[in-house]
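**Student:** Pasting a structure here, questions to come.
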Amino acid sequence: MIDDIRETKECQQKDPMDLFHSGQVVKICAPMVRYSKLAFRTLVRKYSCDLCYTPMIVAADFVRSAKARDSEFTTNKGDRPLIVQFAAKEAQILCDAAGIICPFADGIDLNCGCPQRWAMSEGYGACLINKPELVKDMVRHVRSQIDNPKFSVSIKIRIHEDLKRTVDLCQKAEAAGVSWITVHGRSTEERHQPVHYDAIKIIKQSMSIPIVANGDIKSLKDAENVHHLTEADGIMVARGLLANPAMFAGYEETPFQCIQDWVDIALEHGTPFTCFHHHLMYMMERITSKQEKKVFNVLSSTSAVLDYLNDHYGL
């Protein structure tokens, strides 16, 4: 897929840091496995999303395999500014991945927050918050080897129970040249417990680079509240945007126009049926009855979904 966009790369380069210097809270679509792909990024950008991340990509596979590059990364000239998130545990591998991606994106993000067992057992994700020197080394390597000063290098982390350790990690990353840090306000062990927004505020007050708050933000009002609670420079949303891709534009629930836009974009991009259908299930969760869900959620083809939307909503 990289070859498809080679000709448009130069004129499209953006500096994501401009967003953080705009004086407005930066509205960000999180890296979501299977979901934050090109078609969905295209949709949320129509509804006031400022910055999008790709799903997490394992850097070693990306560097080693052209097949992995083609299947994991797709973009186009309108897909900017764009951050590519990598799982990595070796500085040079992350640098090599960043070098490949640099002409086609505006920055990379190192995943230091994924709590899934497979990622942590491989040395990826949230286990990196316990290896601040390694994180610092990886950030510094990318900074020194990518010669485009506008190319951002960020990290996404979870917090330690002892917050001093998190502040230490962040300060080490800042010293290495990290552009900004996204903080999911839970520890590695926490899943559905309340988010520690107070911890994000302490981290923000300890740093001079932008901090992005993440965790349990389901509406624009939530985003505004979290901004006030944490003083964060940006707000990153995952499931809230799946349920309502128009959230950042101020809609309380997914408007029908957004559903129509998704159908148009997904068909134009050749989105696989399962992904196309799952996004619609999320978007229609709040606006369909239990009985309607029973029918809609078991539909098994694009044509059946289109017929259903036409019959029930005139879409």
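Backbone N, Cα and C atoms are what each Cβ position is placed from, and that goes for glycine too.
Take a look at what TrEMBL says about it:
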type     : residues                                           : note
DOMAIN   : 29-292                                             : domain 'DUS-like FMN-binding'
BINDING  : PRO31, MET32, VAL33, GLN85, HIS184, ALA238, ARG239 : FMN binding site
ACT_SITE : CYS114                                             : active site, proton donor
**Student:** Return the single residue from the recorded positions list (MET32, VAL33, CYS114) that has the minimum number of other CB atoms within 10 Å.
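**Tutor:** Ranked by other Cβ atoms within 10 Å, the recorded positions MET32, VAL33, CYS114 bottom out at VAL33.
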**Student:** To the nearest whole angstrom, state the Cα distance for the pair HIS184 (FMN binding site) and the residue listed as 'active site, proton donor'.
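**Tutor:** Cα-Cα distance, HIS184 (FMN binding site) to the residue listed as 'active site, proton donor': 10 Å.
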**Student:** Are there residues of the same chain, six or more positions away from GLN85 (FMN binding site), whose CB falls under 8 angstroms from its CB, and which are they?
**Tutor:** PRO31, TYR53, THR54, PRO55, MET56, ILE57, ILE108, ASP109, LEU110, ASN111, LYS156
**Student:** Show which residues of the chain containing ALA238 (FMN binding site), separated from it by at least 6 in sequence, have their CB under 8 Å from its CB.
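**Tutor:** Spatial neighbours, sequence-distant, of ALA238 (FMN binding site): ALA30, MET32, ASN214.
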**Student:** For the domain 'DUS-like FMN-binding' (29-292), what's the model's average pLDDT?
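**Tutor:** Here the predicted model's pLDDT, averaged over the domain 'DUS-like FMN-binding' (29-292), is 97.
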**Student:** Max CA to CA distance in Å over the FMN-binding set PRO31, MET32, VAL33, GLN85, HIS184, ALA238, ARG239?
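**Tutor:** For the residues that bind FMN, the greatest Cα distance is 17 Å.
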**Student:** Given VAL33 (FMN binding site) and the residue listed as 'active site, proton donor', what distance in Å do their CA atoms have, once rounded to a whole number?
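**Tutor:** Cα of VAL33 (FMN binding site) to Cα of the residue listed as 'active site, proton donor' measures 11 Å after rounding.
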**Student:** Under 8 Å Cβ to Cβ from ARG239 (FMN binding site), same chain, six or more residues apart: give me those in sequence order, or none if nothing qualifies.
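**Tutor:** Non-local contacts for ARG239 (FMN binding site): LYS218.
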